[in-house]
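For reference, TrEMBL has these:
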DOMAIN    499-510  domain 'EGF-like'
TRANSMEM  516-536  transmembrane segment
TRANSMEM  548-567  transmembrane segment
TRANSMEM  573-597  transmembrane segment
TRANSMEM  609-628  transmembrane segment
TRANSMEM  634-655  transmembrane segment
TRANSMEM  671-692  transmembrane segment
TRANSMEM  698-717  transmembrane segment
């Protein structure tokens, strides 16, 4: 055949250590139909500071593959919530072959067409809290590339027609495909008039959705006469691929005929006719009519003029399991993203008769619905059983309903079909099923009522069970509970939801409490983080006593907002918020930085003219607010203002030292008992904050940080300034600088100047 190669790639993304599904990187691909091979090229490389990270340690990268929906992964081996079905996926671990780059290849032969999802993550780390910008972090980037090779112009088989084929010596196989419409209970493929050098040296293989593999349903035509391969309960609305392959070592030309018969399950005694009216292609079932009244079939596409095909009527024997029952549709009601309710007409109470199953269909839209959780709930009305020991079984299957001919069967699986089983009875009247990240398409629910006897389950007589049925789509399982947060995530144009757990809880729905924090531990951590801010009371008292009223106001602001920010920032249920979280966080960060700023400016002992104007205080508040609005967790938000204030203090101290020709501060006691201990305490606090703090020790390391910072302020704040003993400067002289003394009495002419006492008024 003719092959066409397609190439797809995705932008490299930074991988993160696994904590929950919200921390993984998800990649979405689409594989076209008739693909015979798909090759994923998995490229991983390291970066550090914008260059190749040759010095970065090797960390294993795990990649998950799944068709139809994202993978439901559990690398931490946590417990899933009750009644949760976990679909399987394939995992691959990449190892490093070069210091800064590695490449992995993952081949899939005859992959299923449609959506494919790749999920990648790093192993879980120790949860260290690092200061942003302190050092260049190692980044691990992952880029998947997809190369697919697909066949074009595959021959199409039409039901009831014969296709003649002659396989040349240099050809090893012939590939065909046939479309199976809805309400088809059986696909029968037959090889006729096979002529070759050694009888009929052919293998017949059949597979749904994609070309057959070596482990697909296979029949050796040399050992079976006639060469017929049947597929019961085929997938509806899908292509089935038929591969006719020569035996190894067979030479020469082999000619044969191949035909396909589809059994209409609404009329099990007849094969599906080759042509039906165009209205029959709508496949609209009558929900409450007889099964025999359904018009089921699809009109075939135009026949290629190069193929010779003749209708061959083949009688099909009726099998007990080939009869299908009317399928009741559901009404889709979209409330929000991944919030969809499926309502049953004349529901939600459903009557399950004893002689036939009740079948319902739930349609999930492609791509849009695969990122949530499909929830199903069955509740039995015990009063409808009339005292009988009735059990209602439900089978949820994808793309085809399971209607077994054995009325006493309670399984939802066959050789080629897997499903989910639910059951309710008088003892357990409620049953739930949750499917995270369900595959899209049609899901069929078949309900049957059976009576329990000494010999097992048997069909009931004259008992119609009533069941309350609820089906809906939700973003997360139980909204992740009280110890989790349901997050709506996006990768390119694909949306999905995942839980992010807190307070030590884990699992897909934050229900695994094996490492959960107890209530006492949560209360202790909250009290430590909040009450440790009381250490700011002594610095406030010292500042007020020393007449540093502005500094005292800043310390009170910091103590207040730090207390209530940590009361609101707790991961568990011991939480108290007086404002919005973002407002509390901003005020806490601003108060912390302003405390450092005003303390260092106070230590500088600037001239009164500068200090009274409060220029530096106002400038610091404005610059710190701007920096925090840009990036609250950056290193330079803390380091920049601190260094600038320390520079101002150093200039002021140096100027005093030069002018006085003596070291400032002048006393050794000030250095030994205040400045050096305060600086050491502040340095220890910074080291703990930057290098020791992790997620596990956060509550007590950060509490120690509060104590040390407040204690260092008490040591570093300078004492009250002493009043100056010097007299104020004399007023500037006017005129020529001499002093004129005038005798007031002489000036008025009241006394004799010679004998009058001198009472002079001196003016400048």
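The backbone N, Cα and C atoms fix where each Cβ goes, glycine too.
TrEMBL annotations: computationally assigned, not manually curated.
If one looks beyond the transmembrane segment (548-567) by at least 6 residues along the same chain, the residues whose Cβ comes under 8 Å of a Cβ in the stretch are 526, 529-530, 533-534, 536-537, 539-540, 575-579, 584-585, 587-588, 591-592, 594-595, 598-599, 602, 614, 617, 702, 706, 713, 717.
Same-chain residues lying 6+ beyond the ends of the transmembrane segment (516-536) with a Cβ under 8 Å from its Cβ atoms: 483, 503-505, 555-556, 558-559, 562-564, 566-567, 570-575, 699-700, 702-704, 706-707, 710-711, 713. Away from its own ends, the transmembrane segment (573-597) comes close to residues 482-483, 503, 519, 522-523, 526, 554-555, 557-562, 564-567, 617, 620-621, 624-625, 628-629, 632, 637-638, 641-642, 645, 709, 713 of its chain (Cβ-Cβ under 8 Å, at least six residues beyond either end).
Sequence-distant contacts of the transmembrane segment (671-692) (same chain, six or more residues past either end, CB-CB distance under 8 Å): 130-131, 134, 665, 701-702, 704-705, 708-709, 711-716.
Mean pLDDT for the domain 'EGF-like' (499-510) in this predicted model: 91.
Residue counts of the domain 'EGF-like' (499-510) by helix, strand and coil are 0 helix, 4 strand, 8 coil (DSSP-based).
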